[in-house]
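*Asks:* Quick paste from TrEMBL:
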- 4-62: domain 'Tudor' (DOMAIN)
- 58-110: region 'Disordered' (REGION)
- 66-75: compositional bias 'Low complexity' (COMPBIAS)
- 76-95: compositional bias 'Basic residues' (COMPBIAS)
- 99-110: compositional bias 'Basic and acidic residues' (COMPBIAS)
- 207-229: transmembrane segment (TRANSMEM)
- 256-275: transmembrane segment (TRANSMEM)
- 296-315: transmembrane segment (TRANSMEM)
- 327-344: transmembrane segment (TRANSMEM)
- 455-475: transmembrane segment (TRANSMEM)
- 481-500: transmembrane segment (TRANSMEM)
- 521-542: transmembrane segment (TRANSMEM)
- 562-581: transmembrane segment (TRANSMEM)
């Protein structure tokens with residue numbers, strides 16, 4: 001196995017892709033599998049280069065000194081001797097030869113010196129036509145490819161004339177320069193696409209690496225079990241730890257598992273219905289774009305009709321409350337089986353279909369994060385289906401079951417005000433997510449993370465059984481609140497929702513069409529990728545205003561439970577920790593992607609989530 005030539009941190013000269021120009025770069029890492037060096041330019045740009053495209057500083061300076069050893073006076077005297085009257089014929093031959101060499105050198109100099117402004121010109125053109133510019137996540141390059149194809153087609157009719165001009169050297173210098181620029185532009189794009197397609201191993205491991213992910217596989221189910229057991233206690237104080245454990249046989253019921261499978265199959269049937277529009281996702285590393293059917297809101301309407309039919313025929317929905325623990329265990333068992341299936345099938349997946357975050361080569365880590373990016377059975381996308389359907393819609397069904405259980409257990413003619421607020425707030429959140437389903441295609445869950453235990457357990461267990469914790473708590477611990485308090489909590493939730501929705505809408509509109517006259521008031525920092533970083537509006541207030549709105553809403557969901565115990569506020573604490581982790585990951589990703597532009601953005605917008613605090 002060949003050994004590496006350059007060490008991490010070493011300053012060398014790296015060739016810019018598609019050119020003969022070398023720039024001073026610093027080696028940051030080396031991929032032993034692909035044999036590529038990751039280097040960082042002075043402007044913050046990071047690229048993967050072959051060893052043949054890198055030279056040491058000493059050899060580069062030595063070569064430069066040799067090339068400049070001949071003095072102008074010696075070259076001048078040589079030309080003078082070649083023009084001596086005593087040797088006219090040979091002198092003419094040498095003069096024409098030197099003239100040709102001089103033209104070749106001049107042509108090469110023009111091509112090299114025009115490369116840097118050409119790259120900037122290409123990036124500027126991309127920023128004008130790009131429709132996926134936004135803060136924090138990977139974006140589509142569809143407009144970039146389209147603009148280049150249009151440029152190539154523009155000059156295609158003149159190719160035959162170009163060949164004639166090349167053959168007889170009849171080309172004016174201006175046309176020659178334009179031809180060189182077009183060729184250089186095409187070369188740069190082709191080289192950059194080749195670099196993006198090179199598969200690489202996951203180098204930076206999250207969640208504590210192999211040991212951390214191994215522990216989380218057991219810690220997450222134990223946390224769900226603990227929370228549900230605590231809510232069942234008369235005094236759900238954290239001081240009463242551990243709660244009394246139920247008998248193992250009471251945690252499993254085959255009928256409950258069958259009901260869960262029926263629910264999963266029903267949502268899969270709604271997903272396959274030919275209703276709703278079909279859209280394309282972001283380009284994969286291979287350049288291919290997957291298609292997705294946007295019908296989550298229709299699935300929600302059909303589910304509501306099905307639940308309404310069951311209630312009409314006197315089906316007791318509080319069955320969910322009576323067997324809530326068994327449903328959670330059934331969902332956890334199903335998610336574990338699904339994760340094992342996903343990992344086994346990912347071992348046969350092509351290299352370009354593996355997740356960039358779950359390709360470390362470590363079994364436990366890749367099993368947890370997800371080895372394959374978009375596992376599909378035909379046109380059925382497993383990750384996209386689980387992201388919004390069984391768990392998210394199931395969350396609302398569980399909340400409704402808790403509302404009916406409260407009325408039955410406490411002999412109420414109508415649900416309590418606290419229960420109404422919790423159900424109403426969370427219903428708004430889920431309906432908003434399903435109505436804006438297309439926006440999920442640009443999230444890190446879809447574009448970056450593989451589908452493994454983390455997302456399978458999160459979508460099918462954590463979301464429906466932990467996010468409904470407030471409603472489950474209120475059934476056994478009713479809390480009475482006054483109407484003024486209810487109004488204040490409602491206003492707080494509306495503020496959080498307004499920040500969340502307006503920030504996301506502002507980002508999505510700017511991403512689709514940065515030149516929209518309605519967005520003329522927005523200012524942004526251009527980046528070397530052709531994208532823009534918003535520095536006005538919500539994104540000029542804090543770097544992640546959507547996270548701020550999320551946290552405010554989470555607080556409003558917990559306040560109706562009162563202040564007797566901290567258990568209902570677990571969701572708020574968890575949500576803050578989750579968003580801080582995501583924010584740190586976004587910061588790291590954006591710093592690598594945007595370089596100096598991201599540092600400039602951080603100076604303009606110093607606060608990450610909480611204004612004047614963090």
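Glycine is no exception: its Cβ is also placed from the backbone N, Cα and C atoms.
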*Asks:* Using a Cβ cut-off under 8 Å, which residues of the same chain at least 6 positions beyond either end of the transmembrane segment (296-315) come close to it?
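*Replies:* Long-range Cβ neighbours of the transmembrane segment (296-315): 266-267, 270-271, 273, 275-276, 388-389, 393, 396-397, 400, 430-431, 433-435, 437.
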*Asks:* Going by DSSP assignments with H, G and I as helix and E and B as strand, what are the residue counts for the domain 'Tudor' (4-62)?
*Replies:* 9 helix, 27 strand, 23 coil
*Asks:* Suppose you look only at the domain 'Tudor' (4-62); what would the mean pLDDT be?
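*Replies:* Overall, the domain 'Tudor' (4-62) comes to a mean pLDDT of 81.
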*Asks:* As a test: from 207-229, 455-475, 481-500, 562-581, pick the stretch that has the greatest number of Cβ pairs under 8 Å with the transmembrane segment (327-344).
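*Replies:* Ranked by Cβ pairs under 8 Å, first place goes to 455-475.
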*Asks:* What stretch of 207-229, 455-475, 481-500 shows the most Cβ pairs under 8 Å to the transmembrane segment (562-581)?
*Replies:* 455-475
*Asks:* For the transmembrane segment (207-229), give me same-chain residues lying six or more residues beyond its boundaries with a C-beta closer than 8 angstroms to one of its C-beta atoms, as numbers and ranges.
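*Replies:* The answer is 242-246, 324-325, 328-329, 332, 362, 364-365, 367-369, 453-454, 457, 461-462, 465-466, 469, 472, 567, 570.
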